[in-house]
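Annotated active site, proton acceptor per Swiss-Prot: Asp73, in sequence order. Feature annotation from Swiss-Prot assigns NAD(+) binding site to Asp73, Gly74, Arg78, Asn144, Glu145, Asp174, Thr185, Ala186, Tyr187, Ser188, Leu189, Ser190, Ala209.
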Amino acid sequence: MKKIAIFGSRHKSEQGASIKALILKLEEAGTPLYIERKFLSFLEQDLDFHPAICGVIDTLPEHIDYVICMGGDGTFLRTAHQIGVSQIPVLGVNTGRLGFLTDVDCHEASELITRLLDGDFTIETRSLLEVTEDNGSSPSYALNEAAILKRETGSMIRVNACLNDDYLAAYDADGLVVATPSGSTAYSLSGNGPIIMPACRNFVLTPIAPHSLNMRPLVVPDDTAIRLEVDSRSRNYLLVLDGRTRTLPCDTSILLKRAPHTLRMIRLRPHSFAETLRRKLMWGAAVR
């Protein structure tokens with residue numbers, strides 16, 4: 001029997017019935033369940049629901065076969081961070097607002113979950129960013145983007161960028177986003193970056209509020225090594241990986257490249273990225 005770990009976030013009470021229906025369907029199938037501690041607290045305290053589980057988890061155990069993430073895109077990114085290099089397949093169940101990264105909506109999940117249990121699904125791989133600081137720390141990973149941002153609100157920072165050790169430009173801006181195809185519909189998009197189809201092997205460099213009008217988003221192959229060095233009046237800057245923030249001194253440079261592993265996303269039904277754009281981003285809609 002496949003073992004499933006469930007991660008989630010606190011939800012609105014009207015979604016409680018759908019959440020319980022999904023977990024009960026897994027219980028009825030005899031699925032060994034491991035539930036994240038904070039999410040289990042929500043189930044027990046807010047929904048008065050006490051599922052039969054094999055264990056309470058804070059991090060993802062190695063023996064898990066599948067991961068179910070119940071939440072929005074923020075919860076999905078947090079779960080992807082938990083999965084790390086293990087490449088355990090993850091199913092996203094949307095209980096948030098947009099749910100661009102998730103596969104199914106909460107109200108339909110209990111009907112579709114038998115496909116997961118029967119092995120009737122496909123796997124879609126998503127590329128990740130590997131981010132290494134030159135201070136000797138271990139690499140970190142991001143599904144959507146790595147953002148270099150100013151720490152103080154009053155002045156810009158300068159981000160010097162090199163591609164494969166070839167100098168590109170100095171970005172005088174509020175920051176610079178390096179996004180994967182998955183992240184091209186997130187922070188990068190708000191900076192007028194292009195939307196990149198998930199199967200494309202590219203990264204996009206998108207400046208945030210650049211000082212110069214001729215600093216535009218740039219698409220590069222994902223086998224490019226991107227080195228970033230920062231100059232700032234505050235002597236520090238922010239490194240943000242999928243919403244996880246660290247403060248670094250300006251003498252710390254960053255190397256970004258494609259990670260050697262991918263994120264494996266479970267698809268319970270045929271998936272069309274074009275349909276997702278139309279449905280969730282109102283792509284091409286005549287809004288008047």
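The backbone N, Cα and C atoms fix where each Cβ goes, glycine too.
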In sequence order, which same-chain residues at least six apart have a C-beta under 8 angstroms from Thr185 (NAD(+) binding site)?
Phe100, Ile195, Leu277, Leu281
Lowest local Cβ density among Glu145, Tyr187, Leu189, which the record lists as binding-site residues, within 10 Å:
Leu189
Taking residues Asp73, Gly74, Arg78, Asn144, Glu145, Asp174, Thr185, Ala186, Tyr187, Ser188, Leu189, Ser190, Ala209, which bind NAD(+) in the record, the widest Cα spacing (Å, whole number)
27
Asp73 (active site, proton acceptor) sits from Leu189 (NAD(+) binding site) (Cα to Cα, rounded, in Å) at a distance of 15
Between the C-alpha atoms of Glu145 (NAD(+) binding site) and Asp73 (active site, proton acceptor), the distance in angstrom, to the nearest integer, is 13
Which of the three DSSP states, helix, strand or coil, fits Tyr187 (NAD(+) binding site)?
helix
Work out how many Å separate Asp73 (active site, proton acceptor) and Tyr187 (NAD(+) binding site) at their Cα atoms, rounded off.
12
Find, among the recorded positions listed as Asp73, Arg78, Ala209, the one whose Cβ has the highest number of other Cβ atoms within 10 Å in the structure shown.
Asp73
Sort Glu145 (NAD(+) binding site) into helix, strand or coil using the DSSP assignment.
strand
